[in-house]
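Taking it in order: structure first as structure tokens, then the write-up.
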Amino acid sequence: MTRTPTGVPMHLGHTHDAPAAVSADATRPDGTRRALRIGLGGPVGSGKTATVAALCRELRDRLSIAVVTNDIYTREDADFLLKNAVLPPERIQAVETGACPHTAIRDDISANLEAVEDLEDAVGPLDLILVESGGDNLTATFSKGLVDAQIFVIDVAGGDDIPRKGGPGVTTADLLVVNKTDLAPYVGSDLERMALDAKKQRGDLPVAFTSLTSAEGVGPVADWVRAQLAAWAA
């Protein structure tokens, strides 16, 4: 057993059906509608935390947002968000998984589920909670009991063959983000090839190409999030 920084126990090696069932309910125990929860996963260094930061900056003036980060043994991602002041400190909570990242977002969601519920209690009502996974491989996916939709972030520096390789993260995420497009000429990645391969793997599921070197770079992802929020509120 490991613990989150706030002392929340995280039991490894088995699933939790009950929390997943509770989380899937769109209403809180008091009858109010809970926040939309969107998970962000992807390999180490693909730009997940930078994407979370950019989304917070883009959406925070119109929406009530909170973030849960996941790291194996540190608070590094949460500390990055705090240092860059993308949200007030009370709206950012870190979970130290102590195990493979996918364990905490798929196999045993108890610590993350408690973190999102604590945030709703502390700073709610919230419109949106972003749950960032620790860096993982192409098979990483979120439990449907933890998030309502998931974004999978890859980057061109990892190779333009990643969409073709597939894996559940690439093929099933509600949105695939191909990040760091500004680096494509320097690493020999063919963006058109990546788009075609992603289309073959994902069918009609959307793909966004981003470069976060400017504030406008997160625009396609922010637009997708706004559409999810509109559907959630309908």
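Glycine is no exception: its Cβ is also placed from the backbone N, Cα and C atoms.
Look at Swiss-Prot and you will find 1-29 tagged as region 'Disordered'. What Swiss-Prot records for Gly42, Pro43, Val44, Gly45, Ser46, Gly47, Lys48, Thr49 is GTP binding site.
Features as recorded by Swiss-Prot, highlighted on the structure.
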residue	record	Cβ neighbours (10 Å)
Gly42	GTP binding site	28
Pro43	GTP binding site	19
Val44	GTP binding site	11
Gly45	GTP binding site	14
Ser46	GTP binding site	24
Gly47	GTP binding site	22
Lys48	GTP binding site	28
Thr49	GTP binding site	23
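Other than Gly42, Pro43, Val44, Gly45, Ser46, Gly47, Lys48, Thr49, the residues of this chain whose Cβ falls within 8 Å of the Cβ centroid of the GTP site are, in sequence order, Gly135, Val153, Asp155, Asn179. Mapped onto three states, the DSSP output places Lys48 (GTP binding site) in helix.
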